[in-house]
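Q: To start, I am sharing the structure in question, which I have written as structure tokens.
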């Protein structure tokens, strides 16, 4: 058995080496047949001697048993998006803002890979969990599929606990092979490598994912505590040493002109790459400076994504159709002769409003220029008057709603026409779609087509009716088998337990967004207390402006809305805030109410763990030192934050002092 154990270890080493050469370096030293022969030898050994199968075995790359569904998991820290820059002016404004806050700066420029963001968690050096970005707060667990990607190490070169983030993508070579195979089988082709990568990672059968030959570039570490890195560039070098694949086409530059030169280089050379990129990511390189700048609610202040100019194509405008949103806004949509734009076929594009149509002199029958805004949303940029046919038709918006026939109005200060009929069918359907959306009640399986069927069948007329649906209601619907019905009813039941902020946002109160819904839910705790609130009270709340206050009070005073809320209560839909009320956290006086900054490397816990513990004691953890900071906890190699705290006379604790205070509380 000792000989067999040695052979297993030898096979691991050889297969990992050959895999790295093929998938990462693109320079294989042995033919595919040799790799396959060794892999099958290892598979046979593991089948006959299961005790030799390890969690990091190369056979894991083949894929395992199919899953029933993907589990949703909360990210330890949110996967934020980046702010966008579309031109030189945007970049220079970003640079000016950076220099005004932190002075001299070095930037790290990296290629923006056009793929799917993923988060990879390692415990004691082993890959244990991989998530999609999802909505930034919650992602899907696609661990088994990610294990099939050879560029992802199943075991790091050091036994660290770490979470890294990167972009999974499909190389162009793999994409062409996949579509050739689909074409042979008379299957629908993927529009572009990004869609193919996303579809491949969401396969319930990881064996199918394994066949798609995906890859990944790692671009960040969630917690730098265990890294001897002072900068983004050093962190990427550390990741390379640990066995991760980072993109080597990166560059450190000393100023914004260097950034612009890097962008110019890769704008002209992007087609020479074996994978798609859709822009350039620019980051402040120094990690202390990143900490000093901090984050907005949606994105880091120290980074920005430059998006390549959108591809423009010419096609014919066949017609203009209207759609009505949940707030009654009537939006014109261009119906186009199908055309390829940025890798996908486009037959519809936004025209925004009537003023834009007239300002750009866009007529039905015109040749028009179409692009994708941010490479995502198709829009008509302009018409080409010199190619206009004689029978081109000037478009005029209707005076009445195409859905309900109610007269359309233009509210003062707005460019959009609006239907103000509260019983307009189109608005009601859009409101239902919003109610079940991810950031609202998040009811999986209740998509647009099912909502439309339910509404047309008069099974639902308002959002409360969703909670009255039965198996008998759902089974007759198109493409609704028993399993789908069971899953949908379970999702509806689960949605009853959502916190109050989800319900508030889902109700679609005009001007009330996700953040304001959270603020109101936390402050008033129950829907009953909110029903008694006045406009004067609301405007006193930070983050709630005049428009929101007026809209909320007007909405909740409506008798039909109060009846709707009662209807929801009758089905036991939760009306209470379930989150932690930050103002009510009863922490120790040593921490409660204090503003605390963490800086430097901590050895006895991660910075994330320290932040969570401080928050549990009622402290506010911030990323930058100001005159309002109460305490700075300084770990090893604390930099500019420590210096600033000393100059401001702020109380400073060492890591050991902080740990001692924790131990005092726990004793």
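From the backbone N, Cα and C atoms, a Cβ is placed for every residue, glycine too.
Keep in mind it's a predicted model, so treat the numbers as computed, not measured.
Not my notes, these are from Swiss-Prot:
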type: BINDING; residues: 32, 33, 34, 35, 36, 81, 82, 110, 133, 167, 283, 307; note: NAD(+) binding site
type: ACT_SITE; residues: 112; note: active site, N6-AMP-lysine intermediate
type: BINDING; residues: 401, 404, 419, 424; note: Zn(2+) binding site
type: DOMAIN; residues: 586-667; note: domain 'BRCT'
Q: With residue 82 (NAD(+) binding site) as the reference Cα, tell me which of the binding-site residues 401, 404, 419, 424 is the closest one.
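A: For residue 82 (NAD(+) binding site), the spatially nearest of the binding-site residues is 419.
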Q: Looking at the recorded positions 112, 404, 424, which has the shortest Cα distance to residue 34 (NAD(+) binding site)?
A: 112
Q: For residue 419 (Zn(2+) binding site), which DSSP three-state class applies?
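A: Going by the DSSP assignment, residue 419 (Zn(2+) binding site) falls within a strand, counted as strand.
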Q: Of the recorded positions 36, 112, 133, 283, which one sits closest to residue 401 (Zn(2+) binding site) when you measure Cα to Cα?
A: 133
Q: Report, in whole Å, the straight Cα-to-Cα distance of residue 424 (Zn(2+) binding site) from residue 133 (NAD(+) binding site).
A: 36
Q: Just to confirm my parser: what is the rounded mean pLDDT across the domain 'BRCT' (586-667)?
A: 80
Q: Which number gives the other C-beta atoms within 10 angstroms of the C-beta of residue 34 (NAD(+) binding site), all protein chains shown included?
A: 13
Q: Around the recorded Zn(2+) site, report the further residues of that chain (criterion: Cβ within 8 Å of the mean position of the Cβ atoms of 401, 404, 419, 424; site residues excluded), sequence-ordered.
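A: Apart from 401, 404, 419, 424, the close residues are 324, 328, 402, 403, 405, 406, 408, 421, 425, 426, 427.
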Q: By CA-CA distance, flag whichever of 112, 404, 419, 424 among the recorded positions is nearest to residue 36 (NAD(+) binding site).
A: 112
